[in-house]
Structures are given as C-alpha cells and as structure tokens.
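Here's the structure, in structure tokens; my notes come after.
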Amino acid sequence: MLSVLTQNGAEATFKALEYGAIDFVPKPSSVFQFDPEEIGNILKSKILAYFESKIQIPSQNLLKKAPAYSKVPAGSHLKKSPIQAICIGTSTGGPRALQEVFSRIPADISLPILVVQHMPAGFTKAFATRLNDHAKIKVKEAEDGEPIEPNTGYVAPGDAHLSIQSKGGRKWIALNREAPVNGHRPSIEVLLDSAIEEYKSGIIGVIMTGMGKDGSAAIVRVREIGGSTIAQDEHTSVIYGMNRQAVEMGGVEYIEPVTEIINRIQIILKERGI
C-alpha cells in the first residue's frame, strides 16, 4: 500500500494493515520528491521478502534447536533478577501483531513496555494512539527526556533511535538520530542493547514478525546475560525473518503464537517476580 504522510493517510494505512495488507510505503506529498523507480524497488524488496519467507523450509537443525515452548539452558547459570521492563521489536506485519499483543496486556502489568516498530516518521504517533485505543494500559509515542513509568507503553518515533538512561535514581527515555543500525532507525538492536546496559538480566526481550535481522543478535545478548526471550512463531508471522534469525542464533527461550505472547510473559513474571 502507498500512503501519504497525513493523519487521514495514517488512519487509512492502519485500517488496511488491520484488514490484511502486508506493509506500506510512504508516498511523498510533492511530485518533485516522487521517484517511481525508488518506490518500485522498495515495493519489490518487500514483496520478495514476503514470498521468500513463505517458501523457506525450516531446517532440521532449527527444529531441534528451539522447539515451540521449550526452554534452552543458555544463560541459566546466571542469577536472574526480577523483571523491570519489557522490550518488543517488530517490523513487517508488526502493526497488526502489536495490536493483538497490546489488547491482551493486563491493566496492572506494573512494568514499562518499550517498542520499536520499523515505521517511517509521521506514522508512529498515530500508531501509538491506535494501540492506546485497544489497550488497557497507556500507550504513547516516546518523547526525549520523559521518565519511564510502569503500566505504560512507549513506541519509538519514526526516524529516531530509542534508548534508556539513568538519572537521579530513575530511568528516562533518550532519543537520538544517529546513523541507522542494521539499516533501520529506530533500531531494535539499539533498544535492546540499551536495556541490557540499564536493566541487566531484568528484561524480557520479544522479537516478532519482520524482514531482515535487526534485533536478532541483541536478543542473543539478552539471553546470555540472563534475560528472558520470546519470539513470535512462524505460523502467525507475516514474515518469519528477524524472529527466525534470532531462533537460529540460539537467542530464543520461548516461541509463541502472537495470541500467547502475553500469557508467556505473565508466566515469566510469576517465576521471576517484578
């Protein structure tokens, strides 16, 4: 889907994604910025990634390494602290999947939830508002320098990395426009590495549907330090890409369908505490 960077365009885009569109490409509002060849290449890459993800056959090694719902002992020798934050990363197929996840989060989750959804600038605020409308907790677009509060979801703005900083005994949102990481800004890897630095093992890292590899290596680091990790399963993913990479790299502790991710998080919270 091609969408203009306007409020009406954003609302129509998210409605199309809810009804089954795979992804969208922002359409420049000015004819002078419109490059049909560039847009064609972007559309081609997204379409090819979608079909490639659907025809890949899981290797026997993958199936042995991380069967659904199984725990793998990486990081089990470390002392695991209570959970202090949940970090979620997603790309293609993410808007609909995140809506499913946020609609199931209990009002008393008592933790902040930090989200990187690969999305252009101009769409993330409307997307956060849409999530807020479907959630029992508050969801908003993250703002630089604001305190991180429990029972709140923070969506990284398009074109800005989201990280966490400590100051005065509290955690704060820090945004920056440094170079893209893994081809993305915001980058899932930036968020997860920042969470590791600030929360150590006290995090749950969730990697969901999307093309590419952003966040896959960072999910491994979350697990190595003693954090808990979850990947959305292949069947419910629009593109089994980033999450597949994370599984193949041994970074995933649990593989869940999108409808069960919050149930798994609640089980982890009961085991590890808050």
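Each Cβ is built from the backbone N, Cα and C atoms, and glycine gets one as well.
Automated prediction, rather than curation, is the source of TrEMBL annotations.
Positions annotated as active site by TrEMBL: Ser91 (among others). For Ser91 (active site), the same-chain residues that are 6 or more apart in sequence and have a Cβ closer than 8 Å to its Cβ are Gln117, His118, His184, Thr209, Gly210, Met211, Gly212, Asp214, Ile239, Gly241, Met242. Ser91 (active site) carries neither a helix nor a strand DSSP state and counts as coil.
Following the DSSP three-state reduction, the secondary structure of His118 (active site) is coil. Residues annotated as active site in TrEMBL: His118 (among others).
If you look up TrEMBL, you'll see Asp214 (among others) marked as active site. Note on Asp214 (active site): other Cβ atoms within 10 Å of its Cβ, all shown chains, come to 29.
Residues or ranges marked as domain 'Response regulatory' in TrEMBL: 1-42.
Look at TrEMBL and you will find 79-261 tagged as domain 'CheB-type methylesterase'. Averaged across the domain 'CheB-type methylesterase' (79-261), the predicted model reaches a pLDDT of 97.
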All-chain count of other Cβ atoms within 10 Å of His118 (active site): 25
